[in-house]
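> Here it is, the structure, as structure tokens.
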Amino acid sequence: MEYERRGGRGDRTGRYGATDRSQDDSGENRSRDHDYRDMDYRSYPREYGSQEGKHEYDDSSEEQSAEDSYEASPGSETQRRRRRRHRHSPTGPPGFPRDGDYRDQDYRTEQGEEEEEEDEEEEEEKASNIVMLRMLPQAATEDDIRGQLQSHGVQAREVRLMRNKSSGQSRGFAFVEFSHLQDATRWMEANQHSLNILGQKVSMHYSDPKPKINEDWLCNKCGVQNFKRREKCFKCGVPKSEAEQKLPLGTRLDQQALPLGGRELSQGLLPLPQPYQAQGVLTSQALSQGSEPSSENANDTIILRNLNPHSTMDSILGALAPYAVLSSSNVRVIKDKQTQLNRGFAFIQLSTIVEAAQLLQILQALHPPLTIDGKTINVEFAKGSKRDMASNEGSRINAASVASTAIAAAQWAISQASQGGESAWAAPEEPPVDYSYYQQDEGYGSSQGTDSLYAHGYLKNSKGPGMTGTKGDPAGTGPEASLEAGADSVSLQAFSRAQPGAAPGLYQQSAEGSSGQSTATNSQSYTIISPAVLKAELQSPTQPSSSAFPPATSPTAPEAYSQYPVPDVSTYQYDETSGYYYDPQTGLYYDPNSQYYYNAQSQQYLYWDGERRTYIPALEQSADGHKDTGASSKEGKEKKEKHKTKTAQQIAKDMERWARSLNKQKENFKNSFQPISALRDDERRESATADAGYAILEKKGALAERQHTSMDLPKLASDDRPSPPRGLVAAYSGESDSEEEQERGGPEREEKLTDWQKLACLLCRRQFPSKEALIRHQQLSGLHKQNLEIHRRAHLSENELEALEKNDMEQMKYRDRAAERREKYGIPEPPEPKRRKYGGISTASVDFEQPTRDGLGSDNIGSRMLQAMGWKEGSGLGRKKQGIVTPIEAQTRVRGSGLGARGSSYGVTSTESYKETLHKTMVTRFNEAQ
């Protein structure tokens, strides 16, 4: 360890010292002693300079400032200068001088040695994009340094002047950071390593920051990162000596503990296949590098970026349904508090890091990439606070779950679809497929004692919110699959090639449409078949796949819509009169609560369709959702039904009743409803668009009442167009039913609300274990009675609804039964007052406020006391009767006047009236004036 003794300034006077010199020395000796080469020019650490002495002796400081990290480096200028001085010094290695006094050493160097030192200094300085300025004036600021930079035409990223933390004064040095190394080198060469700031020469040096040593330690038991001074693990309590595991420099915990890409998957998880690769687009090496998720921030949470502001949680869950089994508790959409729209990103949290890594790898390997509501989604690991990222081998083994099985199975379908290239989709003969994944899945499900993920299939001939098919092949040789995610999600046709015994459930396709010209005209629906239906199909292999289901609906060509740009919520203007946001580009009004648009010209509510990139009326969507089924039902009817035309207020009133019931049934439907495969199609079809259409009608009625204008909506259907059947809200179609059906369909309609075969109440959407429990539910359940009352009211006519509402209002009104009794029987006479037992003598009424107004009588207590002492009325008081005769009267004075002041009293007493007081006052003032 280096140690150098530092003396005072008076000691550094010369080579031979100042105390032993005689005063008779010649002038030549004096001039030689004061030669500049005799001075000690060693660079001692100053207050504003490097604190390297501190760092030489103590390297364990945990809190180092930024300026110390810049200066306290092994290759700093001062240390280099000392090493060169010791190298050229004849005294030998660094340490104490031989004679014990540094003043006995000759520190003078020749001119050649100084030039050699400068050359070595320039060679040893390593170029850096950070330049250090030393010997700055105390008055110099950052602006002065920036002025020097601007004068040379150089742009710096940051200029930082080091100041004292307590006083705020400059410490005499600063750092200038450049964006590129070339800029720093060019500036140093242009100024020849020196500057002139405020008339003072400033030296310039390359800064070499000291690398920070990772002093934290990892516990090899639980994987938690602990601070340096902690002697025991924060989580498991294992001592540091037993559980210490040093982190290599530049690495992180998650890079060591997390196996990705299927290289070190734990037992119980399905192996990940190779990611999908489109031929001619990417090489296998480039795709494997790009698709592998980065493990730098690996955790159990994934972030979805670039979301549509109108995307909901249902659309996100639907887009991710082919790859993972998620619920609303796994997804969190970040919304704006003011507009209630999402802020463009959402988080997906899974149970383990392994599952999150598998899902991330699947989503990043999709080609085309994942899209939700027409926008391409960027998928990454979420960057959060420090958490427990590592897990032991046993916890990773227990991380196998149904979600990871579904992820691996979905990615297996993608890899199987990509093995044969694009030509494999149209091959008439299907190549043999390896079903080891499904067999492994079956074994896992049996070991857990539950059915597999695909054991229950309930979606028949329907489009899920996040799964839509592509065009069908007219020859039946094989559908042309689309590997788009989100709205056009990954095709699951590979599941239809699986063996019967491979999995309890099976995906099946029903190709529809006669012409395969475009993917927009025809649609292909995917059906999940329950085991019972699958068994019936296997018994008759020659039967077509669609024979086990109701006849497929014929697809219809979509109507032509105008294309619009994606709505930009930031350009909307708030309208105080309507409470909506006005879109200046389209002229529509936006409702942030329902996320729908209102057209003031056509008086219609619209919603944004990301697939068609246009605004679609809400009523049109609700009617189109049931158009195909209604067409097939009308072919069996010969008579035409009458349809009622309702105003917006009436429809909004009807929808308001149903909105209340829907909100109550949502939680019951999610928690207690067990799907039944034999339910009717119209009861099973739950369209989010139709639900939004009903909710928006309620908003329309509220807007109409606020503007006090009647807005007549177009007819729900024309005479030659059938009425839409019941969908999610089965009672709304009853509003358009004929009156004849309403009269005859009361008990029959209520009977249809119960499925006795499945022991289920279709109205409450609940299934019961026995018939007695179902009957008890119908008789005693308050929820069933409430839903039944809403169902009955929904089928009433307008007159009946008005009468029922009037009756309800009368019942809710307060009934004054006392007034009814008085009107019927009259008011009874008041009872006679009770008679007193002893009748007292009626005394004359005396004004209690002025008892002495008329003077004092001889019957008062004071007069009787005086009479008892010998006083007689009319005589004065006192022993000799020399006192006053008349009693003293209280007189009023003018407020604020003294006792003896003139005009303070006008002879008015307190018992006189206002008129008498005014008269006496006038008389007194008149007498005083004379």
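Cβ atoms here come from the backbone N, Cα and C positions, even for glycine.
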> Among Ser311, Ser622, Ser797, which is the one flagged in Swiss-Prot as phosphoserine?
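According to Swiss-Prot, the phosphoserine annotation belongs to Ser797.
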> Check each of the ranges 223-242, 383-402, 503-522 against Swiss-Prot and return the one annotated as region 'Disordered'.
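Residues 503-522 are the ones Swiss-Prot records as region 'Disordered'.
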> Looking at phosphoserine as annotated by Swiss-Prot, pick the matching residue from Ser294, Ser738.
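The phosphoserine feature in Swiss-Prot corresponds to Ser738.
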> Among Ser166, Ser545, Ser710, Ser736, which is annotated phosphoserine in Swiss-Prot?
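Residue annotated phosphoserine in Swiss-Prot: Ser736.
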> When the pLDDT values for the zinc finger (212-242) are averaged, what is the result?
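A mean pLDDT of 79 is what the model gives the zinc finger (212-242).
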> Report, as a single number, how many Cβ atoms besides its own are within 10 Å of the Cβ of Ser797 (phosphoserine).
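If we count other Cβ atoms within 10 Å of Ser797 (phosphoserine), we arrive at 14.
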> Are there residues of the same chain, six or more positions away from Ser781 (phosphoserine), whose CB falls under 8 angstroms from its CB, and which are they?
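Counting only residues 6 or more apart in sequence, the Cβ neighbours of Ser781 (phosphoserine) under 8 Å are Cys764.
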> Mind tallying the zinc finger (759-784) by DSSP state, helix then strand then coil?
13 helix, 4 strand, 9 coil
